[in-house]
Amino acid sequence: TDPFQETHWGNYLLMTPSDQGDVDLDVDFAADRGNWTGKLDFLLSCIGYCVGLGNVWRFPYRAYTNGGGAFLVPYFLMLAICGIPLFFLELSLGQFSSLGPLAVWKISPLFKGAGAATLLIVGLVAIYYNAIIAYVLFYLFASLTSSLPWEHCGNWWNTDLCLEHRGSKDGNGALPLNLTSTVSPSEEYWSRYVLHIQGSRGIGSPGGIRWNLCLCLLLAWVIVFLCILKGVKSSGKVVYFTATFPYLILLMLLVRGVTLPGAWKGIQFYLTPQFHHLLSSKVWVEAALQIFYSLGVGFGGLLTFASYNTFHQNIYRDTFIVTLGNAITSILAGFAIFSVLGYMSQELGVPVDQVAKAGPGLAFVVYPQAMTMLPLSPFWSFLFFFMLLTLGLDSQFAFLETIVTAVTDEFPYYLRPKKAVFSGLICVAMYLMGLVLTTDGGMYWLVLLDDYSASFGLMVVVVTTCLAVTRVYGIQRFCRDVHMMLGFKPGLYFRACWLFLSPATLLALLVYSIVKYQPSEYGSYRFPAWAELLGILMGLLSCLMIPAGMLVAVLREEGSLWERLQQASRPAMDWGPSLEENRTGMYVATLAGSQSPKPLVVHMRKYGGVTSFENAAVQVDREIAEEEESMM
């Protein structure tokens with residue numbers, strides 16, 4: 001080896017965290033794992049991951065059906081009880097260990113099944129999420145015309161029921177026909193042309209593949225692969241665009257929306273508080289679900305992103321920036337959507353609740369129809385779908401990055417050098433699995449995946465993680481780890497949430513979703529019993545991974561069953577910060593091949609001063625010594 005290199009490394013390891021600021025960032029990380037290259041990469045990736053399609057197409061509709069402005073009360077309460085604490089927990093686990101969602105279970109190998117369950121859930125979600133991005137791409141290309149194809153009836157896909165609702169008022173401003181018995185051109189364009197759903201008799205006979213959708217899905221996967229090709233080094237740069245640009249478009253749509261006649265009618269509908277709704281349990285459940293899915297807790301994306309941070313990155317501040325930013329974005333999106341719906345209801349002469357929809361119906365039917373009523377409609381349509389594309393892509397990067405990181409951390413010697421090839425193989429496999437979603441009956445499969453892949457399974461995973469960290473590993477230990485990393489201990493609020501409030505809320509949600517279980521449906525189509533069973537098995541499979549993982553962990557140990565359980569639930573020998581200079585206190589010299597003296601003592605000899613982090617480490621050392629004495 002080059003002697004210069006050795007002395008360079010020697011000097012480098014002796015620097016304090018504050019001195020290391022000027023050194024090339026790459027050195028401060030677990031060898032060859034990769035890391036964020038810029039200061040904002042992590043923050044923007046988290047924002048891009050959390051702010052997704054749900055903020056635009058789920059939140060506004062959920063708010064208006066659950067008491068308008070009054071919905072914000074349970075929404076922010078659930079954000080405080082469930083959202084912020086679980087978000088911070090996941091970031092802390094990732095940053096402290098620099099490991100992906102499988103390897104992080106060195107913290108308590110007994111629960112490694114929870115990591116496997118996360119991967120299964122993320123895999124299923126990634127397959128259908130990219131199909132939604134493929135629909136968005138389809139509409140994006142369709143908007144590149146002088147007049148939008150869903151503006152008029154009279155195309156080959158239209159039926160006799162098609163009626164151009166705009167301009168169908170008579171002189172008195174009343175609608176001459178009963179609108180309920182007719183269909184808008186945008187609805188027929190979506191169901192009969194894009195999905196071609198009339199070619200399928202149901203989920204059991206999906207029909208042929210739609211080649212234009214199939215190519216859009218291929219393009220979606222190619223875009224995702226190119227962006228995660230170099231791991232977080234490449235996706236961390238792409239998010240500078242995909243996480244910020246939607247805000248610019250959202251602002252344009254908002255300004256355009258509020259200046260339309262009748263916009264106020266829609267906004268009133270969206271925000272008028274109806275406090276009597278707060279007495280119903282459904283509203284609180286909806287608020288908790290919205291927070292839970294919108295922040296993406298439990299999908300492993302946050303843990304993965306945080307694992308590429310430096311050891312002392314201030315994730316406490318980042319937690320509040322991302323969670324509150326996500327909530328504000330949802331509320332803003334509501335204004336942009338409902339102002340346009342208000343204008344549309346005035347144009348059509350029907351109440352707002354007749355035009356309001358949620359989910360794909362809003363994005364692919366109602367909003368595109370509203371676009372046809374505006375001057376320069378192709379331009380606004382293109383902007384809207386471009387916003388949906390950028391919103392969807394950065395969530396998709398996170399799903400894939402989670403899978404790739406989890407598996408490469410598990411087999412670093414084989415896979416890390418071939419990470420790009422491995423990412424490519426995963427993209428190809430998922431593209432092939434997603435082909436069923438591009439058939440005539442693909443929408444039925446998409447609804448099934450959406451309803452079951454991340455429903456109760458995800459809640460079970462998050463509750464397990466919460467209990468494993470706070471009860472098995474120990475809340476004191478975990479707080480001490482956070483103290484080592486950030487220089488302060490999490491306060492009473494976080495501890496109370498981690499120990500009681502968050503798991504209790506999630507368990508209540510879980511029980512509620514089982515008790516109030518409703519079979520899947522798409523429009524008037526009811527799913528057959530075998531499809532329901534398939535969906536439930538999909539959710540159960542992820543839950544069953546947890547006991548299966550426990551069985552494997554127990555069988556690996558020796559002794560009686562109780563001894564095996566105890567050994568399997570203790571942290572692995574090499575659990576802790578991945579870099580030796582961050583291993584202080586109880587983590588000193590537990591890394592394989594560790595020969596250095598206590599890094600802390602070296603720091604102090606060289607510099608005399610003690611930074612706040614070292615201060616924390618000295619204190620942690622003292623606390624451990626006291627604990628050991630009291631145990632003796």
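Any Cβ shown, glycine's included, is placed from N, Cα and C.
The model shown is predicted, which means the values in this text are computed figures rather than measured ones.
If you look up TrEMBL, you'll see G48, V51, N55, S294, N326, L391, D394, S395 marked as Na(+) binding site. Counting every protein chain shown, 24 other Cβ atoms lie within 10 Å of the Cβ of N55 (Na(+) binding site).
The transmembrane segment feature in TrEMBL is assigned to 72-93 (among others).
Long-range Cβ contacts of the transmembrane segment (114-141) within its own chain (Cβ-Cβ under 8 Å, at least 6 residues beyond either end) map to 53, 101-105, 194, 212-213, 216-217, 219-221, 224, 298-301, 360, 363-364, 368, 381-382, 385-386, 388-389, 392-393, 395-396, 399-400, 402-403, 406-407, 430-431, 433-434, 437-438, 442, 445-446, 449-450, 453-454, 457-458, 460-461, 464-465, 468, 538, 541-543, 545-546, 548-549. The transmembrane segment feature in TrEMBL is assigned to 114-141 (among others).
Under the heading disulfide bond, TrEMBL lists C153-C162. Shown in sequence order, C162, L163, E164, P185, E188 are the residues of the chain, 6+ apart in sequence, with a C-beta less than 8 angstroms from the C-beta of C153 (disulfide bond).
Per TrEMBL, the feature transmembrane segment maps to 209-229 (among others). Remote same-chain residues near the transmembrane segment (209-229) are listed as 130-131, 133-135, 137-138, 141, 194-196, 235, 238, 393, 396-397, 400-401, 404, 420, 423-424, 427-428, 430-431, 434-435, 437-440, 442 (criterion: CB distance under 8 Å, separation of at least six residues from the stretch ends).
The transmembrane segment annotation in TrEMBL covers 238-264 (among others).
Annotated transmembrane segment per TrEMBL: 284-308 (among others), in sequence order.
The transmembrane segment annotation in TrEMBL covers 320-344 (among others).
Under the heading transmembrane segment, TrEMBL lists 379-400 (among others). Sequence-distant contacts of the transmembrane segment (379-400) (same chain, at least 6 residues past either end, Cβ-Cβ under 8 Å): 45, 48-49, 51-53, 55-56, 122, 125-126, 129-130, 132-133, 136-137, 139-140, 143-144, 148, 220, 223-224, 227-228, 235, 238-239, 241-243, 245-246, 249-250, 252-253, 256, 296, 299, 301, 304-305, 363, 367-368, 371, 423, 426-427.
Residues or ranges marked as transmembrane segment in TrEMBL: 421-446 (among others).
Nonlocal intrachain contacts for the transmembrane segment (452-473), taken as residues 6+ away from its ends with a CB within less than 8 angstroms of a stretch CB, comprise 86, 89-90, 93, 107-108, 110-111, 114, 117-118, 120-121, 124-125, 128, 292-293, 297-299, 498-499, 502-503, 506-507, 509-510, 513-514, 520, 535-536, 538-543, 546, 569, 571. Look at TrEMBL and you will find 452-473 (among others) tagged as transmembrane segment.
Residues or ranges marked as transmembrane segment by TrEMBL: 493-515 (among others).
Annotation source TrEMBL lists transmembrane segment at 535-555 (among others).
Sequence-distant neighbours of the transmembrane segment (238-264) (same chain, 6+ residues past either end, Cβ-Cβ under 8 Å): 40-41, 44-45, 47-48, 51, 227, 329, 332-333, 335-337, 339-340, 342-347, 374, 380, 383-384, 386-387, 390-391, 393-394, 397. The stretch from 72-93, 320-344, 493-515, 535-555 with the most CB pairs below 8 A to the transmembrane segment (284-308) is 72-93. Between the listed recorded positions, namely V51, C162, L391, the fewest other CB atoms within 10 angstroms of a CB are found at C162. Stretch with the largest number of CB pairs closer than 8 A to the transmembrane segment (320-344), among 72-93, 493-515, 535-555: 72-93. Neighbour count (other Cβ atoms within 10 Å of the Cβ, all protein chains): 26 for D394 (Na(+) binding site). For N326 (Na(+) binding site), applying a Cβ distance below 8 Å and a minimum sequence separation of six or more within one chain yields I47, C50, V51, N55, S294, L295.
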